[in-house]
Structure formats: structure tokens, C-alpha cells
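Asker: Let me give you the structure first, and then I'll get to my questions.
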Amino acid sequence: MANSEMISWSADDLDGPSLLNALGSVVPDALDGAKPIVATVLTLGLYVKGVSSPKWVSLAQELAKQHPSRILVINPTTQDGQPRLDVAISATVAERGQGETPTLFSECVELNLKGGLATHWIDFLQPLIRPGLPAYLWWLVTPPGPDFRWDLLSTSGFTHLVIDSKTENWRQWLPSLRQALAYHMHVDDLEWQRLRDLRHHWAQLTDEPRVLKTLLNMESIEVTAPNPRWSQWIWWVTWIASRLGWNLVLDHDRTPSAIETDLGPVPIMVAESPDTTVTIVSDNVRVTTQISQPTLKSVAYHGDTAILTLDEHRIATSLQEDMHNILNRGHDVLFSQTLQCLLAAEDSLGGTLDA
Amino acid sequence: MSTAIMEKPMANPLREGLVDGRRPQPFTLVIFGAAGDLAHRKLFPALYNLMLDRLLPAHFNIVGLARHPYSDQEFRKEIEESIRHYSRRPWDAGEFSRFADEIHYVTANFDDAEAYRQLAAILQGIADRTHMPQNHLFYMATPPSFYPIIAQNLGAAGLNKPKQESDWVRIIVEKPFGRDLASAQDLNNDLHQVFDERQIFRIDHYLGKETVQNILVFRFANGIFEPLWNHQYIDHVQITVAESLGVEGRGSYYDNAGAIRDMVQNHMLQLVSLMAMEPPVAFEADAVRDEKVKVLRAIRPFSTRDISEYTVRGQYESGFIDGSPVPGFLDEPDIASDSRTDTFVAMRLLIDNWRWAGVPFYLRTGKRLAKRATEIAVQFKTAPHRFFSQTATPELEPNVLTLKIQPDEGIALRFGAKVPGPVVRIRTVNMEFLYGTSFADAAPEAYERLLLDAMIGDSTLFTRKDEVESAWTLVTSILNGWARAKNPIPTYESGSWGPQEAEQLIARDGFRWRRP
């Protein structure tokens, strides 16, 4: 942003009301009493309890440079002692024309919470959330436990929950996602965001009528990956099932094992391999995409004859860019539909789930 | 006789819902006039930025055709130079290496039938090599006099129709689309002899601007404004498109066009129709354009007397812009010394329909005005009862909603607020939304959006035949009235807000032009 100024302020061992006072006065004090126009269009909370890497505060500050937002880095440090907090505020103020009121573009507020503030952090955050605007909670750590107050979170002002399923244990998130959805929060996943180029690639592949026919009549799906628990293939296969209006079948550990199509079950075979690939097979046609960081390479074979190739360069995105894309594009309804497909498959398992 | 039934292409279910990045099918873009200024400044940079945004398909090709002699390699170098100079994002060698699968160039005159056979062979060669669908987008970046010639030759070479039902062929036509109603109709007829209307994409780059598209979003995505958007609450509307630049090397073009053809017939009437249209039944090309055409048809025609009373033209004289002296229009290069071309136009329009009965729309555009500003100001009626007339503020300013198109893109609402103190004193204040500080990503250039829409086949932001002809019907009546008038053309000093007659035009109705 051109012609901007960063205003920084920090203090230790504050109470809640002192923080609110500081948030209202730090910028005007630095501007000789001038009250800026507030341009922020959303609130983003980063819940980082117990997570030290990457440097979340730096990441939050970088996001604040891009987005007109109030970003709260929420770090409950200890539940012992008095309800106090250590705080660091950095505000980006954009200068406008000469004589015009400056604009408060964004604020990044690092909150190290102690005592009751660490325990009751949702209550504490409520006055800090910009009213009437979207508020995202980016939950960076393992999911909350069964006693978590989703009701309180959803009424606190947070409208969106963002997770990152790029972990082995991401299935543990499913109960929490159900809770968030039950309380009418929008749910988004950074891993779904990262899958965007593969989804577009397959949309392009299936523009070709022979590939589309293969998809609609597929007999099996094959997946290879260095880590078969890799979550992206699960989103890919669930997305396809959801788009085609078919049901997903999960095995006992909630891994997709088949798609129930109009023509019968299509088994999903997953194998460990150094190469990451997804393949659909039908009637002597195989369509395979090899997924690597620089490229997506697809080939459709009819028997031994290649009938279509499609190579695309991929964009390597950082964590910051992934989050930027979610904030900029807003909630993806397609992800909601895909998630519902997965949750419906989980429902059909009944009470046989492994914890 | 064959009884085979053509199978309708099935919709691709994996395309559904991919709204966050619409990507076209593989295609070849053929640019007529590829060595010209438009291609150089706008088209190549727009394509490059679309590619950086991953909005182009993995496979696409470019074929340039123009009189300037280039080899394929020189043409590629020319594209690179254009991107280096005019792209909004910096040139990157790695990215550029993926810019297009194949780049070809044909040196030829546009009326040379052999050039079209050569073009057909190139397109067939690309199809044979890539096995990709034969989707072709023809872009007429040429002087308008070549449009019928190019269309006719494309038809003669069989390039106007898709090879298969699942393929597409489209043509983009740049403005000016005619210079009066008759020539616009002729051009439409010429194009329709070769292309269907759904294949023709008439570009008005104003519609590609984010802030112009936001007019529809502002009106129809918000519940609070539309109930006020009518003659009961709106007093009048002012639309200003002011430029501080002069003709800037386009003297010979401009002397034949003037402000009314260059700005009013296309850009400004588009703004009027977007502001005044009824809600379309869907955000789809024909639904939106149907409503826009209804507005143009509802504009009250000008009688001869109306033209002298409710339109003003002007010509700039010398003056100062940003403190520097600038010449008058008649002293600009390539301008006839006795030119009667308008460099300024102001007019009052009335829209005879239920919603807008009695609400004047004032339009003003000109070159060498005091500052560059494009805005739409909606002035609301004042409060019905002068509740505060006994206080220290007997006169209340009306509320004004301003949609700022450029620069300082945004929206401002002017309203009265109480000045702190023991007496009731009211001062006008502004509530502002600024595009530049409310969104994280920079807005794409208008040509990026329009090129992408044409590739996808979405013609919502392109003008339809009846839309163009309705606009020309109005403008041609004014041009005819002006042609009959023998009085001298009013002049205005460069750096001012236009001739005095423009002030009088609006003052007769009891209003004043806004100062943007």
C-alpha cells in the first residue's frame, strides 16, 4: 500500500478495559489527535495456543498489510494468576490527499492471555470483534475437545471457522466441523484452497467429451501417494462424488473406500508410492493426473494410445497466500457441499467409528 | 436422407460452482491489427495478466494478422515488449515462456483473400498438432472501416462457423461502432451476414471497469437503495465524465468523432442505462441487456427546440492545466482550422417511464476540463418538512450519493449532521467508501475482464445490436439538430468546467453542476 505508516504500541499485564482504551487511542495519539477513517472490512482471529512455528505474529502482520482487517493473534499462555494480558498492537495507517483524514487500514493485535482471560477468551474477544462484518477464526492447533462452547463462539461474532486439514489427524476435526455447522458458522479448509488448481485441471479435462464419458461411467478410482492419509485426495474424490450427486462410502477409519454411482459401486484403491497420482478407469480408458509441485500432468489412454494430454504449471502458495485467498474470495459454497457429502458418508457409518 | 440425431453436448458437472476462477476452454485468439496500438497497450498485457491469474486454459494460441511485416519470432518479441511496458504486473521470463503454446503472425492486407486461406491453414495446423477443440476468438483491433471486409473474408474462408457443435467461434468488435444510426445499422447487417448475434461481442471498455460493474451490485445486492431509486425520492442525477487531457495525438480521429460520438453514444449512455434500468430477472446476458435497452428506448426523443435548449456543445480554447499552458482545440495537430467538432457536451435527458418520470439526468463530458473525474451523483429530494427552519440552519443541503468511477474509486453519501453545541446547527458531512482501501487485491484492467468474458462466452458486459442502435437513434437526432444549427459553437477555457451555456442549461431547472 502506497503512503502508509505503521504505528506500534505494546504493554504488559493489562486488564481487558485497558486494552479497549488502548485500541481507541493508540492511533489518534500517534496522529496528533486525528481520528482516522476505519477501513477494516473483517476481523481475523488466529488461535495459536501452544503453536510456536511458524511465526504467527509475523504471518498476521503480513496478512494485515494486505487486508483491511483487525487481526487478533490469540494465545492463551497460562490459566493461572490474575486475568491479565500482554499485548502488542501494530496499526497500518494509509495517508490520503493533503488535508484529508487518514485511513486506519488494518490492525494486528497480539494477545498473550493469562488467568481468567485465557480460560474465557471467547468472552474477552467479543468487544474486539468488529461488529457487523465477517469475522474469521483460524484455528491452528488440534481441534477443540467435546466440551468446547461452540454456542458461545458462534454468538461471539465469529462467523467463519478456518482449519487446515494438512495433518495426519485431520479426521479428528469432523466432530468440530459438525458443531460449527450446527451453529451456522461457515467452514473453510486451507487444504481445499490448495486443491483449487487440481479441481480446475479436472474441470478442464472433463471438457473433453471422452474424459467426461469416462468419469460418468467410471469403474474404479486409483490413488497413489507417499502418504495415503494425505487429505487432498479425499477432498478430490469427495468433490467428484458431490458434483455427480453420488454417495461416498467410508471405511471404518473414515477413509473413502468407494463411490456409489447410478451404475453401482466404484471402488477406490489407495496405494503408497513416491508419486502422487489420481486415476479414473472405465472401459479400457484410463485418465491419470500426476501431481507434483511444479506441474499437473494428465494423460488419457484408450488402451495403449494416448488420446489426450494436459500439462499445467502449478502455483506454489505459501500459508499466507492460502489464507489471503480465503479472506479475499470469501466462503466457498462448493466446499460446504463437498463437506456435507463427506459428513453424510460418515453418518451412514452409524456408531462404528473409530475415535 | 440421414436420420442421425445430433447429440447435445452434456454440461460438464465439474465446471459447476467454480466461480472463483472461471477458465475458458482451450482456444486460439486471432488479432486483426496485431501490430497496432490497442494490441500493444491493452490486449497483450491483458492476456499476460490473465495468465498470471491462472484464468487462461493450459493451451491457448495467438495468431496476429496485420500489414506490418513481422516474422513469428519478431511478433513474439513484440508481445514481450508490450508486456514489459504496459502490464500492470512486472514481466517475468519464466511466466512468459508459458505465455502461449504457439504464436504465429501473418503479414497481409485485411482485404487479401490469400491471407485468410493462410490463416485457415495455420488454425488447422494448430488443431492437428494439439488435438484441442477448434475454438476461435477473432479480435478486430483495426480501424472500423475494415470490420465488414474482415468479416466477409472470414466467412468466405469458412472460418465463421465452428467445425463441431462443441466448438465455438466468436468475434470481438471494438468501438466506434458506426458514426450514426445508418452506419451502425449497415455494420450490423454486414456482420450478421457472416456471424450470428450470439457470436458478436461489441466491446465498450467502460463496462469492464470494476466500478461500473459495481453499479449493478450496489443497486441490486443491497436492499436499502432500490426502494429509494425512483422519482419519489430522487431529485435529479448528474453524470460527469471529465478529462483534463486534450486530443493527444488522436486529432484526425477526434475531429471526425467529437465528444458526443467518443463518449456519450457509448460510455455515458451505458452509465445512464445501468443507473436507470429495472432489475433483470437474472444476471445473464440477455436479461441484463433487455433491461438496458428498455431504458434507452424510454429516453424522450429531442425535438429541434429541445436540442437547442437541452444540449450544449463546446470547444476548448487555450488555457492552463496543472499550471502549464495548453493550446486550444483548433491549434492542435490534425484539426481543421474551421472545425465545428464538439470537445464538450452537456445535455438533459428525461426517461419517460414509471420509475423516472420527471427526474432529469444531466450528462456532461469534455476534454481539457479542470480535472479528470468520472462520477455519477444522485441528488435526493430534501426532507418534506422544514423541521429545523427556526434553528441556526434554515437551509438544508440535499443528500447526494456519489458513485466515483475514476479516480479515487468509491462511493460517498452526503448527509446532514448536528454540529456539537447547545444550538441545533447542521453541517453537511460525507460518509465514504474507498475501493482502494477496502479490498486486498488490485482491480484487473477492463480488458482483462472483457477478454475473459468473451473467451467464456458471457456477453453480459458487451453491447447488443439493439442497444447500439437505440443509443445511435438518440445521438443521431442530436447530431442532425446540431448540423442544422448555424450559430457559433460555444467555447470554454482549458482548465475550466466547460462553457457558460452548460451552466445555464442546468440552472434553468434550478440546479447547479456538482464540483467533482
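Each residue, glycine too, has its Cβ placed from N, Cα and C.
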Asker: Which of these, B:Glu226, B:Glu243, B:Glu248, B:Glu278, does TrEMBL list as part of the substrate site with B:His205, B:Lys209, B:Asp262, B:Lys367?
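Answerer: Only hit among B:Glu226, B:Glu243, B:Glu248, B:Glu278 in TrEMBL's substrate site, alongside B:His205, B:Lys209, B:Asp262, B:Lys367: B:Glu243.
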Asker: Can you give the largest Cα to Cα distance in Å, as a whole number, for the residues B:His205, B:Lys209, B:Glu243, B:Asp262, B:Lys367 that bind substrate in the record?
Answerer: 20
Asker: Between B:His267 (active site, proton acceptor) and B:His205 (substrate binding site), how far is it from one CA atom to the other, in Å?
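Answerer: Each residue's Cα considered, B:His267 (active site, proton acceptor) and B:His205 (substrate binding site) end up 8 Å apart.
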Asker: Kindly assign B:His205 (substrate binding site) to one of the three DSSP-derived states: helix, strand or coil.
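Answerer: SS state of B:His205 (substrate binding site) = helix.
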Asker: Give the sequence-ordered list of residues that share a chain with B:Lys367 (substrate binding site), lie 6 or more positions from it, and have CB atoms under 8 Å from its CB.
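Answerer: The answer is B:Glu243, B:Leu245, B:Gly246, B:Val247, B:Ala259, B:Tyr316, B:Phe329, B:Thr343, B:Phe344.
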Asker: So, three-state DSSP: helix, strand or coil for B:His267 (active site, proton acceptor)?
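Answerer: B:His267 (active site, proton acceptor) sits in a helix per DSSP.
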Asker: If one measures from the C-alpha of B:His205 (substrate binding site) to the C-alpha of B:Lys175 (NADP(+) binding site), what distance in angstrom results, rounded to a whole number?
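Answerer: On Cα coordinates alone, these residues lie 9 Å apart.
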Asker: Please determine which of the recorded positions listed here (B:Arg67, B:His205, B:Lys209, B:His267) has the lowest count of neighbouring CB atoms within 10 Å.
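Answerer: Selected from the recorded positions B:Arg67, B:His205, B:Lys209, B:His267 on minimum Cβ neighbours within 10 Å: B:Arg67.
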Asker: Other than its own, how many Cβ atoms are within 10 Å of the Cβ belonging to B:Asp262 (substrate binding site)?
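Answerer: Result for B:Asp262 (substrate binding site): 25 neighbouring Cβ atoms inside 10 Å.
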